[in-house]
Amino acid sequence: MDNTKRYERLLERYGNGDLSRRKFLGLLGAAGLAYGVQMPFSKGALAAVSEVRFDGWGGVVSEAFRKHAFDPYTNATGINVVDGTFGGGDEYLSRVKASQPGEYNIAHLSGVFDYARYHNLGLASELNEANIPNLANVIPKLIDVFRNVTGGTLSCVPYDYGTTGLAYNRKFISDDEMKEKGARILLEEKFKNKIGGWSDWRTRIWYGSLQTGQNPNGAEDMDAVWDAIRTHRDLALKYWNSGAELMSLLAEEEIYVTEGWSGRIYALQEQGHDIGYYDPPNSFGWQECLFVMKGSPMAECEELLNFMLERDTAVAVAEGQNYPPALDPNKVDLGKKVPTLPAFDPTGTLNGLTFADPAYWNGNEAEWSKTFGRVQKGY
Amino acid sequence: MTVETREARQPIILLTPALSTIGLLLIVPLGFVVVYSFWLRTATGADQVGFFLDNWVESLTDPFYRDILLNTIKIALITTVVCALAGYPTAYFIARSNGNRLVLLLLLMLPFWISYIIRTMSWINILGVSGAFNWALMSVGLTSEPIQMLYNEATVILGLVHFLLPFMILNVYVSLEGIDRTLEDAACSLGANRWRAFLEVTLPLSLPGLAAGGLLCFVLGAGTYITPLVLGGPTDAMFANLVFEAIITQLNWPLGSALSLMLLVVLGAVVMVYNRYLGMTQLMKGLQ
């Protein structure tokens, strides 16, 4: 009930004789006092939602979101999108854990394992899918894996996918050599101090599994995997910590070979750097989603998600960030550039990509992340 | 109320805002960290509330943490020594320069106007394979191939020295400024040459400033994690990196709390030793 209605009712009761003049004036004065002394926060709480916070990976990805999604969304709805960045899912989760509900709203999360972690920590919201009609155009396989984690409901919409494959400087490594050696090229002695790697424990273990000929979603000889990680560590010049650092190390020729994110490597190629990209068998495939935190303004968030899944928005963002959108190519025309992006699957089945099994990775997270912390430092 | 009572209350009243601020911003958060250190991290990443000594037992008995702590102390010590060697002559030059002292001090403060992270990252453009130093070496024909200079312990120390050197110079400068210059003249008039006068008079009198600068460099150096992250190789971690990883990567806030308290105790012990023998007064002078 708004204040005007409340005063009208008081006046009506006074007019009907239900209230004495003294009591009517007293209540009116009390209402005026309450309005006068209310905190600025309460005024804000009563007001309509004017902004939504979005956190993503920064760099070209954030630029693409800002240009092709957030600014047009703000122009269309009047709701401002405040965007922040993070270097990795772990770092972001730590920030969210320290925050108040509603402080963070939407995150560009990577991998189903992150979705499961947020759900396990009680941070997941429940989307009203009726408010996101564009969800119907998303590749069904990408949606189903999320539904399985949250018991049939969704806390996110899939948005894009890509791979963490092998990036190499063609001046020093030929395409043939890369194909021949695959993931084991990261253990080549002749490239000592010219090898890089992401400081993410999952990626290190995934590639350690590939280098030892094991299933990355079910390695049985973990000792061999840790040995491979140690060998890589001793040959590596640097573990990179962000996409920007990855691009800088490759572009400046500090390193010749590393794993890399497909979209970032494509961005380097677009800039004219002669950097090759190769997905070895069982390369690390991942999908990213737009995850809505519990306590967020749901209607506004759902509106933003639906806006971002619009064909024109999704394709523009995909072309900007160089990752294929989650839209089904059998249902939506994805334009000319998207089919040329690395990791793009024209069938819409994604059968050619190997994704991380959330149960396997999250089940071992506590032990492996800690062990990697030690191996990384020379142990 | 008597005058005596009022006068006795005045310091408490005047100190209340400062003490409240320290309590709210330092003591209370520290209390949270202490409490956290006795909790446990569960497999899902959530914290188990209770009183568990597991994190403390692990922090104090695991040789991994001890080794990294010793390595951190080693790096901080080397950094402090380099800062002292490079900072003392600079401070001496500024203190003894006539006329342009203010300009020199302003130049010394200039780096503080730029973000510490940006200053650290600038070394990539200087020492990188495509950096200015390699370009210069190849331009004059000293080398045909770029030399790999970045991402090792030496560049971590270099980055720390870059960050901490002004603190050392300022402290030594303040100390040198307080020395009566006629004492050196008196030593010379008694037969000492300039070098001996410096060794016998100026250096001993400026040692408190050197010690204060050393303390600041050591404590700040031992607590940093950005420099090894940006300029270090895979194995060049310092103790603060372990705290960062425990809290951020492993989401293990209880263990991270225990580790951060461990570092706090070690650095606190260094400060206490300093205070016992030299007092904090000199440090305050340098910070003013």
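Even glycines carry a Cβ here, placed using N, Cα and C.
Taken from TrEMBL, the feature transmembrane segment covers B:12-39 (among others).
Residues or ranges marked as domain 'ABC transmembrane type-1' in TrEMBL: B:69-274.
Here the transmembrane segment (B:75-95) has long-range neighbours at 101, 104-105, 108, 153, 156-157, 160-161, 164-165, 167-173, 176-177, 206, 209-210, 213-214, 217-219, 221-222, 238, meaning same-chain residues at least 6 beyond its ends whose C-beta is under 8 angstroms from one of its own. The transmembrane segment feature in TrEMBL is assigned to B:75-95 (among others).
If you look up TrEMBL, you'll see B:102-118 (among others) marked as transmembrane segment.
Under the heading transmembrane segment, TrEMBL lists B:154-174 (among others).
Within its own chain, the transmembrane segment (B:205-226) is flanked in space by residues 72-73, 75-77, 79-80, 83-84, 87-88, 91, 116-117, 120, 160, 163-164, 167-176, 179, 183, 238-241, 243-244, 263, 266-267, 270-271, 274, 278, 282-283, 285-286, which lie at least six positions past its ends and keep a Cβ under 8 Å from the stretch. What TrEMBL lists as transmembrane segment is B:205-226 (among others).
For B:261-278 (among others), the entry in TrEMBL reads transmembrane segment.
Long-range contacts of the transmembrane segment (B:154-174) within the same chain: residues 75-76, 78-80, 82-84, 86-88, 90-92, 94-95, 105, 108-109, 111-112, 116, 119-120, 123, 127, 206, 209-210, 212-214, 216-217, 220-221, 224, 227-228, 230-232, 236, 238, 282-283, 285-286, 288, each at least 6 residues beyond the stretch ends and with a Cβ under 8 Å from a Cβ of the stretch. Residues 33-34, 37, 59-60, 65, 69, 72-73, 208, 211-212, 215, 218-219, 222-223, 239-240, 243 of the same chain lie 6 or more positions beyond the ends of the transmembrane segment (B:261-278) yet place their CB under 8 Å from a CB of it.
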